[in-house]
Every structure is written in C-alpha cells, then in structure tokens.
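K.L.:
Dumping what TrEMBL says about this protein:
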REGION    1-379  region 'N-terminal catalytic PFK domain 1'
SIGNAL    1-22  signal peptide
DOMAIN    21-316  domain 'Phosphofructokinase'
BINDING   D112  Mg(2+) binding site
BINDING   S157, I158, D159, R194, M201, G202, R203, E257, R285, H291, V292, Q293, R294  substrate binding site
ACT_SITE  D159  active site, proton acceptor
REGION    390-766  region 'C-terminal regulatory PFK domain 2'
DOMAIN    390-673  domain 'Phosphofructokinase'
Amino acid sequence: MCRDNIIMCVLLTSSCHWCVSGMNAAVRATVRVGLYTGAKVYFVHEGYQGLVDGGDNIRPATWESVSMMLQLGGTVIGSARCKDFREREGRMKAALNLVKLGITNLCVIGGDGSLTGANQFRTEWSGLLVDLVKAGRITDAEAKKSSHLNIVGMVGSIDNDFCGTDMTIGTDSALHRIIEVVDAITTTAQSHQRTFILEVMGRHCGYLALVTALACGADWVFIPEMPPDEGWEDHLCRRLTDQRARGSRLNVIIVAEGAMSREGKPITSEQIKKLVTDRLGFDTRTTTLGHVQRGGTPSAFDRVLGSRMGVEAVMALLEATPDTPACVVSLSGNQAVRLPLMECVQVIDFNLAQSNQHAVFMICRSFENNWNTYKLLAHINPPDVKSNINVAVMNIGAPCAGMNAAVRAAVRMGLIQGHNMLAVHDGFDGLAHGQVEPITWTAVSGWTGKGGSMLGTKRTLPAKILEEISQNIAKFNIHALVIIGGFEAYVGGLELVQAREKYEEMCIPMVVIPATVSNNVPGSDFSIGADTALNTITTCDRIKQSAAGTKRRVFIVETMGGYCGYLATMAGLAAGADAAYIFEDKFNIKDLEVNVEHLLAKMKTTVKRGLILRNENSNSNYTTDFIFNLYSEEGKGIFDCRKNVLGHMQQGGTPTPFDRNFGTKMGAKSVLWLTEKLKECYRHGRIFANTPDSACVLGMRKRALTFQPLAELKGDTDFEHRIPKTEWWLKIRPIMKILAKYNIKLDTSEHTDMEHVIKKRSPLGK
C-alpha cells in the first residue's frame, strides 16, 4: 500500500497536558510506517497549542528523528494545555496552518478530552474552510484540495478510562511503577508489622487501584465505581484484625484518588489511617505515589502496544474516505481494532453521568471480571459447608514468574468453593512419590509477588511413572487436577488423558494453565511468565545506550524460548532491533548478508549502532557465535561487535503486573470450571470423567479465555520442536522489519473493519 501524495501529521496532545510512557513508541511507529508508505509526515510540537501557533511547531519528521525513542518516558514532541483550541477562532488558526501545508490526515494521541476535541475539529472542518476563504486567508483551490480531514486517535492515559479498549497506552507502565513501590513497602511493613495505605492515581477511574489490589493481594481496595457498603468501617477493621489473628504481619489497603462513599463524600488515605489507628491501634503509614506513576521507562507491553497501534493508525488513515467517521485504534484481547471515536466518548459520558455499577459493567467487562475476582479472593472466611472434593495443584516444567500467583488464586478459589486443596510438590515426580499435602488460605499469602515456583517444579513427564501416579491419586483421593506449567504440562496432561483407558484413577477433570517464558503452549496466545521475560530482555536498552555512546557498534543478543521465537520477536519490536532470527521464520546465508549490508548502510547515517536478536534454537548451524563472527568479519573497519547471552535471568525475577493478574485470573477461572465439570462427572456416588472436554487447556485465544480439550489440540502441535503449528504473533514480524527500515511488503490482507462499542465485550483486561 502506497500513497505518494498523502500528507499526515502526528499530534501528541492531552486535555490536561500529561504524557505517559509508551507514547514515544506510538509516535515512532506512526512516523516510520507513514514514511514507509510514501507519505510525508509532520510532527506537531506542543500538542494543540503547536497546531494553533504553527510555524516551527509543525516540522517534517524523518526516519532518524525518531531513533532512540522507544525506551524514553513522556514524549519527545511535547504536549500542552491549549485554551485557544477550545474556541472556534483557535481551531480556525489550526485549520489554516494545516491547509497551508497540505495536511489532511491527523493522528492524535491523547485522552478522551483530546480525542473529543479532534472529532469536533473534523466536524467543523468544512465550515472552517468556508470562513477562511471568505476572510481571504486561503484560496478556493486550497480549500478544494483540503476538502476533508481524516482523523485517527490513539488513547494515551495511565487511567485506562477510555471505553472500547482493554488497555490504553501508559497503563501497564504505570502499574509497573506502582507495583515496584508496593513490593518495596511490603518488605518494611512485614518487618515492623505495619498497615500501609497506598493512594494511586486514576481520576474518576479505579482501574489502577483495582488491578494493583489484585496484583499484591491487598486486604481492601477503595474505588469510585464501587463505593463500599454502609458500615464499611466496621467491616474493614474486622478484616484487618482477622488477618493479624491468622499470623499476617502486613496489611495493605489501596485507595484510588477518586474513591468516595455511597453518599458521594470523598474517602481519603488520611481518613482511613485515622480509622485504623484509633480503632485498632495498628502502626499505620500512608503513601501517595503521585506523578511517579506517569514517568519512567515504558514497559515492554506499552512499547509493543504503542507500536502496533501506530501501525494500525497509519493503515486507518490510508484507507479513510470522506465518509469514514473519525476512529480510535483500540486493543481487544490481542487484536488491534478500530472503533468510532464519538461512540466511545458518548459511552464514557454516559458512564460518568450514571456513576453506578450497572453503567461500569455494561461498557467494561474486564472491569467486572477484575472486580469479581478480587472480591472472591479477598475473603478470608471460606464456607462452613464442605464439598468433600479434593483438588490438587501442581507446577510442571521450568519455573517462571507468575506461577505462584496462579497457584494462590487456584487454592483460594477452591477453598471458597468448599473444596479441600492439596499442594503437589516437585511436579509429577512429587505426585508419584506422595509429596502431597493440604494447603491453606494463609499458606499462599503474599505469593502473587514471588517469582519462581513455591511448590517446586520438575520437567519429568508422567508416562514412565503412571502406576505410581495412579496409586497416589487414589491414596489422596484426588478428584481434580490443576496443572500449571509449560510444554511439559501440556504433554503431561495429554499422557494422563491417554492413560485413562488403563488407569481409572486418571478419569478425573484436569485443566492445564500455560505458564512458561517461551509462550509455546498450544491453545493459548499468551503464557504466564512471558511478559516478565520480555521486560527482562528490554535490558537491551542499556546495550543500545552503550552502543550509542561508543558509536559504530552492533550487539548480538541471544534470547531463550526453545524453538519458539516469541520472545525474540516481541523483544525485537520492544527494543527496536534491526533483526530477530527465529526458528519459525527460516533464514539462510543470503538473509544474513542482507542484514549485514543493512547495518553497513545504517552506519553511514546518524544512527551508528545496531541490535540483533537470536532465538536460542533458531538454527543449529547459524549459531550465536557464528553470527557474531560473521558480523565481526564483515563489519571490519566500519563497526565492531559485542555478544550477550541473557540465559536464565529471563526465567527469574519479580513477576510483572500483567503476569500477576493474568495468573490470578487464570487460576481462579480454572477452579470455577473444574467445580462445574465435577458436577457433570458425578455419577453413582463418585467422580468419573473420560470425555475429551473433561481435560482442557485454559488459554487466551484472540479475545476470550477459552477451555480447549487437550486431545483436540494435538493436531495443532509440533511435538518435535515443542511449539504450536499456528502462532498469531508471526503476523507482527513484518512490523519489526519495517520499523527497522527494511523494504518489505506489509501484509494488509486481514482488513480491520470498524467495530462498535456496544457490541464489544472485553473478556480479560489486564
């Protein structure tokens, strides 16, 4: 797709002149893909104010001008409040500046107020041109040439308060900042047996507060959408007292800045502190995070999100007609979608006017899912009536961040259902050797923020120890099994299902929850742990910075992932790599030669550095050492090379907010599903499950969490290379190559049609 005559500009603005991490990724992608399509691209500096003032505020953007932007927070092109643009005279000045430059395509990155202003500008466009012609400020020919204005918006806001998208640019990075503080606070709070009250931002939206509460297992959360019931003060004090009585040395309360009571009165951190101190005498501290939440290095998620949205925004502009309504590029599951801008804004206005539970849930199912999950897992009094069902939880394969969050959620949800929960230590080995014991509510306290596997995990598959496993399933009277892990968990689940013909003990409901940095489990687009690994790999920022300092340097970095190239591809997009070699995208010596020539040409520009990623099993002959030696030899006299093998550091570390919450929701949902399946499989006084749909993988597919029978996924599995045969993220690889300035064809066969907000339901959220 190429439009040699199209001219567009990137306008970064916000109704309250705040910028968020990830915006630069969107700017970079919009500029580079715009240039790739043959368009002339302009920056508008200082937001709408720059659009009104014109002059040097509207300047051509070049490929090199957006280099080294990915890792920067805020925005390099500036943003500002603009009273002038709110008046028609100001908008007329803005229109004049655009007409004189021949700009008829506008990409706006900002919040709902900014996007509403952009839509108003578009609605008035024809009238503004008429007035400019009458005033003699433009000619009839100029007005005819600029007869219509196309607008595409991208939402940048830490509040995640824009209807129609699962996530706004900047939200994930803000959650990173918040969780870093929470983790730091909890260590000192546990040491001193303190209660900490943490106030987070969000204006009228409690998303940050709610997701933070989920991610850290907070004792209580105050959000504006769900004011607490009358008498909440007694309930809060009772819950905190119960937690201390159960041995907890720590209490955490999260407060959204817009929290209020049912009477509409603000609930403040100081008010809560006074309540806890006066009634309970607990040592209590308050922390208000403030604008630290808006700053810092953008997360890998925000970099990829901004990049994908930038690409989709350019495509939307290229496909726009005079009849196309202004649209906003949104995220639904892992899909980029387009929604009518004003439809989104109207629903937001309705939500604010209603300010009640029905309104919130009607437009944002992810909020409802988060709220319901939090409410369930925050209870500390499981039902008195027991189900007499024993559910076992185990980890299989290599450890990864987020596994413990899934275990915690599964255990607590099971106890809430009245089940007896059993912990299996050391995977299938532990099950075969009887390493099974009851696990309680308090035993999993604080697990959401811990990396690795608290239960212990091994790669052993069950095929050779089925006899011992069946005996212990019978011995411990296990009625259902939650298997959390990577490809070994998937294969192990399959082997248990296949053993049902011989071992009746295996005829119990089972669910596999994908948890691996490799993201290679069939049946799910995402695995727990992959997001944390991606953020670890973005240490490439430091490598690029080193290269920028020394000039003319290329770094070769090896990533994990087995035969799956997900980590290398997404890290390449997040870090701005020049190439990423993976097993699924076959390459040969000619491809390596093209990449070397590309870097040789790059060194002649002002961007004198390079970054090459290689998936560990991308090619048995073209090893990391081979590629390093090849680049070193061919770059002699022009650039030198350095090599880094990241290794197992990608498996460790504190889980990211995404992995904590993804693991929490997956663990909770798996046990709810098992509970229903157990009812279906109860026959003649015992559990008997031998149908394919009684053993499933719980995964996210496009826009929904789905349970897929293990047996049905066999056909989509490359068992030799331990990867699915179909991988959605492969379609993103061309974006990385285009952003690195390779002259390749961008596949636009999957056309993104305009959708509607009312029909859209977010299944997961973050």
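Note that Cβ sites are derived from N, Cα and C of the backbone, with glycine treated the same way.
A TrEMBL annotation is a machine prediction, not a hand-curated record.
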K.L.:
The record lists S157, I158, D159, R194, M201, G202, R203, E257, R285, H291, V292, Q293, R294 as binding substrate. What's the largest Cα to Cα distance among them, in Å, rounded to a whole number?
P.N.:
32
K.L.:
What's the CA-CA gap between R285 (substrate binding site) and the residue listed as 'Mg(2+) binding site' in angstrom, rounded?
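P.N.:
If we compare the Cα positions of R285 (substrate binding site) and the residue listed as 'Mg(2+) binding site', the gap is 34 Å.
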K.L.:
Among all chains shown, work out which of the binding-site residues M201, V292 has the most CB atoms within 10 A of its CB.
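P.N.:
For the binding-site residues M201, V292, the Cβ with the most other Cβ atoms within 10 Å is M201.
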K.L.:
For each of R203, R285, R294, count the other CB atoms within 10 A of its CB; which of these binding-site residues has the top count?
P.N.:
R294
K.L.:
How does the model score the region 'N-terminal catalytic PFK domain 1' (1-379) in terms of mean pLDDT?
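P.N.:
That stretch averages a pLDDT of 85.
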K.L.:
To the nearest whole angstrom, what is the C-alpha distance linking S157 (substrate binding site) and D112 (Mg(2+) binding site)?
P.N.:
9
K.L.:
Roughly how many Å lie between the Cα atoms of R203 (substrate binding site) and D112 (Mg(2+) binding site), rounded to a whole value?
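P.N.:
Computed Cα spacing between R203 (substrate binding site) and D112 (Mg(2+) binding site) is 13 Å.
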